[in-house]
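Quick one: this structure, given as structure tokens, is what I'll be asking you about.
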Amino acid sequence: MKKSIILASSLLLLNVGCNKKTESIEPTLRYAKGDAFGSSYGIQYYSNKDLSDEIVKALTFFDDKISTYKSGTDVDRFNQSEKGMAVDSVVIDLWKQCQDFNQKTDGYFDPTVQPLSNLYGFKKAKIHNKPSQAQVDSVMQFVGIAKTTVRNDSILKNDARTELVFNAITGYINDYVAHILDQAGVKSYLVEIGGEIRAKGKKEDGNTWVVGVDVPKSGDQDLFTTVPLDNESLATSGNYRKFHILDNGDKVVHTMNPIDGTSGISNLLSATVIAPTAAEADATATALMAMGLDKAKAYAQNRKDLKFLLIWTDDKGEFQSEKFNNF
């Protein structure tokens, strides 16, 4: 999950946080924030009720189902199982969305690449040399969402070593929280969880929510651009923060190419996607990074239903960018 900057008044948020009143006649701006899924969340919404308990309950529910940071979740137990197991219906729905996005991205989005991440030194011990082709081929035998299936209330797998990790589609949780706010009658909100964003309605001043896209540079939190969101979702994926250098000086990045099993090295630094749902924005941004610059450009040109911002470096190391479909 990647960071995006929310443009809001800190003083206003402090005033809201100090407001002890939980009921009001007119909807007022409220704010919920905290830590979740190894990252943070910040949710702004206009309501005459304090919905923070409902929000925390939803986040805790997903933490118990799909988190890879603790044992005993549905995903953890599936990954430890031999042939798969029964899981919560929301995990089934999440898998189905993954399958849909896998097809829409020509296979470049895939929730089963964790064994590749391990091979390239992410999550487990850092590596010093590039994996051999034989090692990659060995792992690729059990990578691919097609090696998993849904049957009734269960997700099954052909190989015990196949793993599901939903870190690249956690925008789904934004959509879930947005649904809770919708059900509560909230007409305007901005839901940010781990950098993925879903927005609805307008602020009190009549303007749409505005968010920022970071300059894709390690340690840099300057803004590259700002973007208004009109009942839309936004996610950014990049390889400029999570990487390590091998003993020979080569870089290994955390984005895995599920097609050929390589670490997704290219001069494409970040991909930002605006989509109707945060799940699709998140999954598509991840897929673009796995594709590399040329394929990502071609894909963005052909997907007229989504908006894209690609940022890369040219041969001189200077930033270049291109927007697609009225981003």
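Heads up, the Cβ atoms here are built off N, Cα and C, so glycines get one too.
Automatic prediction, not curation, is the source of TrEMBL annotations.
Below are the features listed in TrEMBL for this protein:
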{"type": "BINDING", "residues": "Ala168, Asp282, Thr286", "note": "Mg(2+) binding site"}
Under 8 Å Cβ to Cβ from Ala168 (Mg(2+) binding site), same chain, six or more residues apart: give me those in sequence order, or none if nothing qualifies.
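In sequence order, Phe109, Pro111, Ser237, Asp282, Ala283, Thr286 meet the Cβ cut-off.
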Specify the count of other C-beta atoms within 10 Å of the C-beta of Asp282 (Mg(2+) binding site).
35
If you draw a 10 Å sphere around the Cβ of Thr286 (Mg(2+) binding site), how many other Cβ atoms fall inside it, taking every protein chain shown into account?
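Looking across every protein chain shown, the total is 30.
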